[in-house]
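S.K.: So Swiss-Prot says this about it:
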ACT_SITE  Glu131  active site
BINDING   His130, His134, Glu202  Zn(2+) binding site
COMPBIAS  310-321  compositional bias 'Basic and acidic residues'
REGION    281-321  region 'Disordered'
TRANSMEM  6-26  transmembrane segment
TRANSMEM  28-48  transmembrane segment
TRANSMEM  145-165  transmembrane segment
TRANSMEM  173-193  transmembrane segment
Amino acid sequence: MNMMRTAMLLAFMTALFMGVGFLIGGKGGMMIALLIAAGMNLFSYWNSDKMVLSAYRAREIDEANAPEFFHMIRDLSQNAGLPMPKVYIYDSPQPNAFATGRNPENAAVAASTGLLERLTPEEVAGVMAHELAHVQNRDTLTMTITATLAGAISMLGNFAFFFGGNRENNNNPLGFIGVLVAMIVAPLAAMLVQMAISRTREYSADRRGAEICGNPLWLASALQKISGMAQQIHNDDAERNPATAHMFIINPLSGERMDNLFSTHPNTENRVAALHAMAQEFSPRASTPPPSGDRPVRKSGSVPTTGWRRGNENERKGPWS
């Protein structure tokens, strides 16, 4: 299903590229756009994860320089039955996180310094388990390719005027009106694609993430905190790269106050409600209290060690059980 969804996404993005090319330069422009789209699809498959990590200036960490956070990811990955992903931290006061990579064998998870400093260990575990769920569900390929191509399509639409705005351009079958259509429709269509693939996968990743970390209430508490802080703390890199907004656990853009229909993410209250309902199904872990909101904020960028008990390997354990 995920491979089919990815193929349909690539086909739509390619068709959109060709359509904009046709509006700008007729059949010749359409063929050039097809070649560009094919090249970008191939490039995105192999390199889009590197581009996203580079855009946020994320730095890879290991057991030596961030042992506690690294160990937590290792334990959560083992609980999910996943290979150990590469682990990154990027500098941003806004608490948030994302996952990227073309498959579980070539995956990476990234957390902001704000996430590690402002959330409790249990909440961090819930967030990173959510990101690992995206890796396990193979959402990361779709997310990274969408971010790359949506940004390129928006750029092509924004520059359509300069490439095809000449009223005397005989290669443009629809003239100046066609260019205006390309400028408006292309970025909008790219945004709609991002919304379409984002909504249901977030609920699925929430549920699987709660299973991985062992307690839905940890993730629910994290979502509430991140959602509130995202409106108050700007993420400058995300503002410069809005096409990547759908990759984060909570939309990082400061202007995200749209309703459910036009949001890149499901409504946070709905996600939290679903997790609380899920907590009632969890046994015996449903009685585990949510993380304390009055715990002092940590000054370092590390997360306390998981303390995962190994006594019974068949029993699912959360990293702070």
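Backbone N, Cα and C atoms are what each Cβ position is placed from, and that goes for glycine too.
In terms of burial and nearby residues, how do these features look in this structure?
M.R.: Packing around Glu131 (active site) is summarised by its Cβ count: 29 other Cβ atoms lie within 10 angstroms of its Cβ, all protein chains included.
Within 10 Å of the C-beta atom of Glu202 (Zn(2+) binding site) sit 23 other C-beta atoms, taking all shown protein chains into account.
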S.K.: If the Zn(2+) site is taken as the center of the Cβ atoms of His130, His134, Glu202, which further residues of that chain fall within 8 Å of it by their Cβ?
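M.R.: Here the nearby residues are Ala99, Glu131, Ala133, Asp139, Arg201, Ser204, Ala205, Asp206, Arg208, Gly209, Ile249.
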S.K.: Using C-alpha atoms only, work out the spacing between Glu202 (Zn(2+) binding site) and Glu131 (active site) and round it to an integer in Å.
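M.R.: Their Cα atoms are separated by 10 Å.
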